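Since the structure comes first, as structure tokens, the remarks are kept for the end.
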Amino acid sequence: MSCLSKACSKSLLSVGWQGRILSVLGSSFLPLCLIMGWLLGSAVNGKLLLLPGKFLLLPSKLPVLLSTSPQFFSLQMMKFAWDNYKLYALGKNELRPLTKNGHIGNMFGGLRGATVVDALDTLYIMELEEEFQEAKKWVEKSFDLNVNGEASLFEVNIRYVGGLLATYYLTGEEVFKSKALELGEKLLPAFNTPTGIPRGVINLGSGMSWSWGWASAGSSILAEFGTLHLEFLHLSELSGNPVFAEKVMNIRKVLNRVEKPQGLYPNFLSPVTGNWVQHHVSIGGLGDSFYEYLIKSWLMSDKKDSEAKKMYDDALEAIEKHLVKKSAGGLTYIAEWRGGVLDHKMGHLACFSGGMIALGAEHAGEERKQHYMDLAAEITSTCHESYAHTKLGPEAFRFDAGTEAMATRLSERYYILRPEVVESYMYMWRLTHDPKYRQWGWEVVKALEKHCRVEAGFSGIRDVYTTTPTHDNMQQSFFLAETLKYLYLLFCEDDVLSLDDWVFNTEAHPLPELTGSLGVRIKEKTYK
């Protein structure tokens with residue numbers, strides 16, 4: 001039984017619903033679970049009147065259902081976000097919900113439909129069948145890979161390749177596999193460097209690649225070249241071509257060869273020399289998902305990739321020794337490191353680490369498991385504290401001059417619908433079943449509805465410390481790929497995309513485990 005079906009059954013029992021709903025759509029009698037998608041779409045302004053053994057839907061509120069079924073609430077939010085994207089921006093990369101038009105941007109090298117591809121697996125998991133078919137049709141008919149423009153290797157990989165791979169594994173539909181493989185081929189020229197460390201930007205038409213203009217001394221970024229491993233192993237598995245796996249295994253060789261200051265991995269590495277360019281270490285932006293992919297590579301390998309596990313264990317030990325600190329108020333956080341000098345701040349992006357550490361703790365050995373679970377819980381609690389004012393958190397928060405988990409700079413107060421905090425809530429719930437994580441997730445759901453929902457979608461806000469925020473007019477594709485998916489899964493049963501069977505890429509796209517050496521054979525798994 002799916003999350004939707006299980007939750008529906010529980011909702012019926014919890015509010016004592018018997019019989020059926022009288023649908024005003026054609027006056028036909030339908031089981032509640034079959035019309036729930038429509039019901040929720042109307043529930044923001046709907047009320048139920050009790051008839052003999054039946055319910056009638058009329059405009060007003062539906063607080064009982066929503067308060068007892070948070071997974072339905074997150075599903076309704078997904079439908080609202082998708083419907084408005086489809087109405088005003090289908091084929092563009094993202095929706096501008098205030099001006100009701102689309103946004104293309106310059107991250108994807110001429111590729112379109114980032115929200116479509118990012119949303120595919122979420123729509124499928126939530127059983128929004130009509131919406132999923134709309135997205136699938138766009139991929140089949142309109143998703144053009146013959147483009148010419150500057151693309152982020154990292155973003156194209158995690159959003160497009162990851163989204164297509166995940167949807168293929170969930171559905172078995174060949175169109176997603178073929179598009180993923182074709183796009184993967186277009187990324188390979190980025191690895192044509194003296195070290196094999198890929199550059200961050202690639203022209204998908206010409207194959208030319210270069211480093212970001214802002215990257216120090218033409219360097220490549222740890223979180224970018226270190227966040228390819230999961231997807232590229234699956235590309236080799238599905239294509240039978242070992243080149244994808246060879247490219248990412250070579251990255252490992254370079255990283256194992258270069259000396260790590262204090263055992264830490266700086267964020268900038270030269271693709272020419274293979275040496276660090278500057279000693280800035282962050283578990284947030286520029287570094288974050290590199291560490292995530294180490295432990296997840298081990299898990300995805302059916303726990304056979306011992307090299308990844310050792311790299312993760314050693315990195316976490318160095319992070320805990322040099323970067324993990326406790327504030328005067330008792331909050332545990334992970335500072336940044338700049339050439340030996342600590343910067344006592346955490347970015348919102350670093351809040352994924354609570355979930356990552358908990359995931360790794362399950363396999364740390366009995367003597368270390370509880371220690372790492374405690375550390376994961378403390379970091380997740382700190383990130384929850386950063387959400388204290390409006391139940392949404394800033395882009396970065398600090399621990400200095402008496403400040404505790406707050407943004408002290410105007411430029412850090414914004415929230416762009418990021419997922420990292422609810423990501424950790426989901427992992428912590430699945431691994432501990434402490435009800436506070438669901439309570440915290442429900443706080444976020446209500447805050448998103450209150451502060452980010454606008455007439456035509458969801459928008460980021462410019463200041464999380466005001467109850468009347470201004471909006472940034474952007475519904476990010478990762479809001480549909482990650483934030484809403486993690487919230488939905490937080491309230492699902494554990495066997496819905498079980499952590500025993502699936503590994504989420506850094507864009508929350510689920511990939512199945514591999515068995516054998518370097519993924520000789522896909523483990524037989526089906527979506528539950």
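A Cβ is built for glycine as well, from the same backbone N, Cα and C atoms used for every other residue.
No curator has checked TrEMBL annotations; they are predicted automatically.
Among CYS383, CYS452, the cysteine that TrEMBL records as disulfide-bonded to CYS351 is CYS383. Of all the recorded positions in the list GLU155, CYS351, GLU395, the shortest Cα-Cα distance to THR506 (Ca(2+) binding site) is found for GLU155.
One residue stands out among the active-site residues GLU395, GLU420 for having the most other Cβ atoms within 10 Å of its Cβ: GLU420. In this structure, the disulfide-bonded residues CYS351, CYS383 were compared by how many other Cβ atoms lie within 10 Å of their Cβ, and the smallest count belongs to CYS383. Compared over the active-site residues GLU155, ASP288, the count of CB atoms lying within 10 A of a residue's CB peaks at ASP288. If you compare Cα positions, GLU155 (active site, proton donor) sits closest to ASP288 out of the recorded positions ASP288, CYS383, GLU420. Between the alpha carbons (Cα) of GLU395 (active site, proton donor) and CYS351 (disulfide bond) lies a span of roughly 10 Å.
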